[in-house]
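Visitor: When I checked TrEMBL for this same protein, it listed these features:
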SIGNAL    B:1-18  signal peptide
TRANSMEM  B:364-382  transmembrane segment
TRANSMEM  B:411-429  transmembrane segment
TRANSMEM  B:489-510  transmembrane segment
TRANSMEM  B:539-561  transmembrane segment
TRANSMEM  B:573-601  transmembrane segment
TRANSMEM  B:613-630  transmembrane segment
Amino acid sequence: MTIAPAAALRPRFVLAGNPSVLWALLVLAIFTLGVSFLSEGMGVGLISTSFVKTLGKTLCLCLAAVAMDVVWGYCGILSLGHMAFFGLGGYAIGQWLMTARTTEIVAQSLAGQPLPPTPRELEQAVATQIFGVVGADEFPWIWAFSDSLGLQLLMVVLVPGLLAGLFGWLAFRSRVTGVYLSILTQGMTLALSLWLFQNDSGLRGNNGLSGLQNIPGLDGWGQATLSVAFLWGSALALALGYVLFAWLTSGRRGSVIRAIRDDEARVRFLGYGVEGTKLLVFTLTAMVTAIAGALYYPQAGIINPGEVAPLASVYLAVWVAIGGRGRLYGAALGAALVSLLSSWFTSGGVPDVPLGFATIRWTDWWTVLLGLGFVAVTLLAPKGLGGLFDLVPRRPSRRQGDWGPDDGAWRREEG
Amino acid sequence: MRLLLVLLVTLWASAASAQSLQDLLQADPEAISDPSRRTVGEVLGRLVDSGLPEVPAFLQHWQAKEVVQRRSDGLFFVGEPDGDGHILHDVSNGAEAGRAGPREVEELKPNAGVRGVIGSALIRFQLSDPDPARRQAALDAIANDPAADQIEPLRASLTDESDPAILVRKERLADLLAARFGSDPAARIAAIEDLGSDIAVEARAVLNQILASTSRVADTIPEEANVARTLAPGSADLPREAAYVMLVEAGLAPPRVTEAEIRDALSAAIADGRVGDAPAATLGTDEARHAAYDAMAAARGLPPRVTEAEVDAALASHAFWQDYEETDPAVTAAAERALGTAESRVRLYQTADIVLDAVSLASIYFLAAIGLAITFGVMGVINMAHGEFIMMGAYTGYVVQTLVPDYTLSLVLALPLAFAVTFAAGVAMERLVIRHLAHRPLETLLATFGISIALQQIAKNIFGTQARPLTSPGWLDGAWIVNDVLGIAYIRIAIFVLALLFLALILVVLRRTRLGLEVRAVTQNPGMAASMGIDPDRIAMLTFGLGSGIAGIAGVAIGLYAKVTSEMGSDYIVQSFMTVVVGGVGNVWGTLAGAALIGVLQKWIEWFNPSNTLAAQTYMILFIIAFIQFRPRGIVAMKGRAAGA
C-alpha cells in the first residue's frame with residue numbers, strides 16, 4: 001500500500017465528505033416535519049397520537065440500530081447486549097419519572113390533611129406507593145438520585161457506560177473475540193435481566209416501572225402534544241447520534257475501526273491500540289443506545305425486565321443485518337422497517353390468508369416469516385436492504401486494477 | 001333379689017373369658033354408656049384382658065361415637081346412621097341386627113377425655129397388631145401427636161416386635177417420648193444423648209422442643225432461671241426497637257409516642273388553624289411537631305415523648321436474656337450437645353445432597369451442551385437453534401406418548417425417534433443454510449437464530465402455548481431416600497446414567513471409529529484433511545446431524561423431568577453456551593468439566609440463598625464472565641494450531 005497523499009489526510013468536516021449523511025439528515029427532517037404536520041397534536045390530525053408515539057419509538061430504535069451498526073458492522077463486535085443498555089437507560093429515566101410523578105400525586109392526596117406532611121412522611125408515602133407491589137415500603141439504594149432529574153439523566157449515560165466499560169475492559173483485555181464475545185455479552189444480558197426480575201433488586205421486579213408516559217411538570221401539554229415533542233426529541237437524538245457516528249467512522253480513525261473488524265491481529269501488529277479503540281466504540285455505542293432507551297420508554301409508558309431479555313438484543317442485530325451492516329443509513333432503515341412491519345403484523349393489521357384447509361393468521365405466523373426471511377437475507381443478500389442503494393449509478397472511479405478480494409473491506413472507497 | 005343379681009353378675013364375670021363381647025359389656029353397662037375419665041380405665045382394663053379379638057374394633061367404634069345402646073334391653077350395638085334412625089350391627093361380628101328408630105336407641109357420646117383414654121388403649125392394640133402397616137400407622141399417630149402416656153404401651157410392645165425396621169422406629173420413638181416427657185432427669189439425659197446420633201427430622205424436632213426458649217427482660221437475671229443466652233440490645237438478635245418494645249410490654253418503661261400518634265394528637269388539637277402558639281401550616285417538620293407536642297402534652301394529659309437518651313438509659317439498666325422452658329440445666333445442656341452433634345451430621349448429609357443435586361444438574365447441562373460442543377468444535381459454528389432441537393426432541397417424545405399409551409415402550413421408542421428427527425433437521429439445516437455461510441461465524445450465529453425463532457413459533461402454532469406433559473414410566477417415579485436429609489429422584493439418576501452413556505458413546509465414536517478419526521482430522525485442519533481424501537463437507541454434515549440428534553435425546557430426558565413447552569429450548573441455550581465456553585471448545589472432557597463446574601456452582605450458590613434461584617443464576621453468570629478472564633479458552637483449552645482459529 002502506498003502512502004496516501006497529504007491532501008487525503010487533511011481533516012475535512014464529516015458532512016462535506018460524506019453525502020449519505022446529508023441525505024439521511026434531510027430525509028429525517030422531512031419525515032419529522034411531515035409527521036408533525038399530519039399529527040393530532042400540532043397539525044391536521046391525520047396521524048393518531050398513538051401512531052406518532054410508535055413513529056417516535058421507531059426513531060429511538062433506529063438510533064439504537066445505528067449504534068449497533070457501529071459496534072458490529074464497523075468494529076466487528078457482535079454485541080448481544082446492546083438492548084440491555086437500552087433498557088438500563090429506560091430504567092434510569094423511569095426512576096425519575098416514577099418518583100416525581102408519584103410525589104406529585106401523593107402530595108396532592110396529603111394536602112387534604114390538617115397538618116402539612118413532613119418530608120419523611122412524604123417520602124414514606126411515595127415509597128409505599130411505588131414499592132407496595134413488591135412488598136417494600138422504603139426506597140432501595142439504587143433510587144438514591146431518583147428525586148433529581150439532572151442526576152438521573154447523568155445516570156442514563158453513566159450506568160450503562162460504566163457497565164459497558166467494565167465489561168468491555170475485562171473482555172477485550174483477555175482477547176475474547178468473535179462468537180465467544182457474543183456469547184459473553186449474551187450472558188451479561190441474561191444476568192442483568194434475571195437480576196431485574198427479582199423483587200429485591202429494587203426495581204420492582206417483574207412489574208417494572210409504569211406510568212412513564214406522564215411527564216411531571218408538563219401536565220398541561222396533553223399526550224398529543226407530548227407525543228410530537230418526543231418525536232422531535234427522538235429525531236434530534238437520532239440526527240446527533242448519526243453525525244457522531246458518521247464522524248467516528250470517518251477518516252483514519254474509521255479506517256482503524258474497520259481494520260479491527262477485518263483483521264484484528266494485523267492492526268495490532270501495525271501498532272494501533274486495538275483494545276482501546278474497541279473499548280471506546282463499545283462504551284460509546286452503549287451510552288448512545290442508553291440515550292435512545294431513555295427517549296423510548298417515556299413514549300412506551302412502561303418498562304419491565306422482559307425488555308432487557310437476551311432476545312431483544314438479538315433482534316437488534318437482526319434489524320441491522322436486514323438493513324445492511326457497515327452503513328449507518330442501512331441500520332436505521334432496517335430497524336424502522338422491521339419494527340414497523342412487526343407491529344403491523346402482530347397487531348392484526350394484516351388480513352388473514354385463507355388456504356382452504358387452514359387459515360394463515362399473521363399474528364401467529366409473522367415470527368416464522370421474520371425468522372425465515374432473516375435467514376434468506378443472510379444467505380442471499382448479505383448487504384441487506386442498504387445494498388439496494390449500491391444499484392444507484394455513481395461517478396466511476398479513475399483508479400484501475402485490483403481493489404482486493406474482500407467484500408467487507410472498504411478498500412475501494414479508501415483507495 | 002338384689003343379692004341374686006350381684007351373684008349373677010359375679011358368675012358372668014368369672015366366666016368372662018368364655019363369653020362374647022356383648023356379655024362382657026353387659027357386665028357393667030353403666031361404665032360403657034356413661035363413662036368418666038376416672039372410671040373408664042377399669043372397664044378398659046377388663047376388655048383388654050379378655051383377649052377377645054374383636055375388642056380393638058369395638059374400641060374404635062366407641063371412640064368414634066358409633067356405639068348405640070338399645071333402650072329396650074340395654075344391649076350395645078354398632079349403629080350406622082340411616083335416616084333419622086340407625087341400622088344396628090352386632091358388636092362381635094358386625095352382622096346386621098335390624099333397624100332401630102330414633103327413639104329406640106341411645107347414642108353413646110364419650111367425652112374427649114374418655115376418648116383420649118380409649119385412644120391410648122387402642123394404640124396398645126395397634127402397636128402389637130399383626131399387620132405391619134397398622135403398626136406403622138400407630139407409630140405415625142404417636143409421632144404426630146406425642147403424649148406422655150404413650151411411653152408405657154410403646155415400651156410394652158417392644159418385646160414382641162418381629163419386624164426389625166419397625167423395631168428401630170419404636171425404639172427411636174420411645175427415646176423421643178422419654179426425652180421429652182420422661183420424669184427422671186438421668187433417664188431423660190440418656191435418651192437425649194441417644195438422639196444425638198439420629199438425624200431424623202422427628203428427633204431434631206424433639207430436641208428443639210426441649211430447647212424451646214422465650215425472650216425475657218428484668219432488672220437482673222434471676223438466680224433460678226435456666227438461661228439459654230443473654231441478649232445485648234442493639235445487636236442483630238435483638239434490635240434496639242424490639243428491645244424497647246419488650247421493656248414496654250413488661251411494664252418496665254413508658255411506651256414511645258410514635259410520629260403517627262404525635263400527628264394525630266396535633267391534628268386533634270387544631271383550633272383556628274393553630275396548635276397552641278404555632279400555626280398548623282408550619283408543622284411540616286418533625287422538629288416543629290415535637291416542639292408543639294411537648295408544649296401541649298402536659299396540659300392535655302398526653303403521654304410525654306420518650307427521648308432517645310431515655311430509651312438508651314432504660315435499655316442499659318435492664319437485662320435481656322432467653323431462658324429455656326425446661327428448668328433443668330442438665331437436660332438442656334445435654335439437648336444442646338445432642339442437637340449440635342445431630343446438626344453437624346445433618347450438614348454432612350446436606351453437603352452430600354447438594355453434591356447429588358449438582359451432579360444431576362450437571363448431567364442435564366452436559367446432555368444439553370454436548371451436541372453444541374461437537375458442532376462448535378468441529379465447524380466453529382454456534383448453533384442458536386440448538387435449544388429448538390432440544391424442544392423438537394421433547395415434542396417428539398410427547399407425540400410418541402400420545403400414540404403409544406405404554407410409558408415404558410413409548411420412552412424406548414421416543415429416544416431413537418427423537419434422535420432421527422433432530423438428526424434429519426440438523427442435516428437439513430447444515431445443507432441448506434450453514435454450508436453457505438462457511439467462514440462467517442457471526443452470520444451463521446444470526447441465521448441459526450432466525451431458524452430458532454421460526455421453529456419456536458411453529459411449535460407454538462402446532463402445540464399451543466400450554467405446557468405438555470411427558471410422563472415418565474412408573475418405575476422412574478419416586479425417589480431413592482437414604483434418610484430424612486439425603487434423597488434423589490429416580491428420574492434424576494436415570495438422566496445421570498443417560499449422560500454417562502452418551503459420554504461413553506461419544507468418546508467411542510470419536511476415538512474408535514473411522515468417522516471419529518475423520519471428524520478429529522477435520523477439527524484440527526480441514527484443508528489438510530481434505531487433501532488426505534476426507535470429504536470435509538460430508539463430515540460437517542454428519543457431525544452436525546450427530547450433534548443435533550443428541551440434542552433431541554437430551555430433549556426427551558429434559559422433558560421427562562420438566563414440562564415440554566415451545567420455549568424450553570431458550571431456557572437451556574445460554575447455559576449450554578456457557579457450558580461449552582467454560583469447558584473449552586471442541587473437547588468432550590471440556591464440556592464435561594464445564595457442565596460439572598456450572599452444575600456444582602449453581603447448586604452451591606443456591607444453597608446460600610435457597611429461596612432465590614434467579615439470584616443464583618445471576619451470580620453464576622457473573623462468575624463465568626470473570627472466569628473467562630482467567631481462562632479465555634476454557635478449562636480444557638485446545639493447543640497448537642487449532643487454538644488460534
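Placed from the backbone N, Cα and C atoms, the Cβ positions cover glycine too.
Are these features on the surface or tucked inside, and what touches them?
Guide: Residues of the same chain lying 6 or more positions beyond the ends of the transmembrane segment (B:489-510) and with a Cβ under 8 Å from any Cβ of it are 356, 359-360, 363-364, 366-367, 370, 374, 472, 475-480, 516, 519-520, 546, 550, 553, 557, 560-561, 588, 592.
Sequence-distant contacts of the transmembrane segment (B:539-561) (same chain, six or more residues past either end, CB-CB distance under 8 Å): 364, 367-368, 370-375, 378-379, 381, 383, 386, 389-398, 411, 414-415, 418-427, 429-431, 434-435, 470, 472, 476, 489, 491-492, 494-495, 498, 502, 506, 509, 515, 518-519, 522, 529, 568, 572.
If one looks beyond the transmembrane segment (B:573-601) by at least 6 residues along the same chain, the residues whose Cβ comes under 8 Å of a Cβ in the stretch are 355, 358-366, 368-370, 372-373, 376-378, 382, 384, 386-387, 452, 503, 506-507, 510, 523, 620-621, 623-624, 627-628, 633-638, 642.
Through the fold, the transmembrane segment (B:613-630) approaches residues 578, 581-582, 598, 601-602, 605-606 of its own chain, all at least 6 residues removed from its boundaries and within a Cβ separation under 8 Å.
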Visitor: Using a Cβ cut-off of under 8 Å, list the residues of the same chain at least 6 residues beyond the transmembrane segment (B:364-382) that approach it.
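Guide: That would be 389-390, 434, 441, 444-445, 448, 495, 498-499, 502-503, 506, 519, 522-523, 539-540, 543-544, 546-551, 553-554, 557-558, 572, 575-577, 579-580, 583, 585-588, 590-592, 594-596, 598-599, 645.
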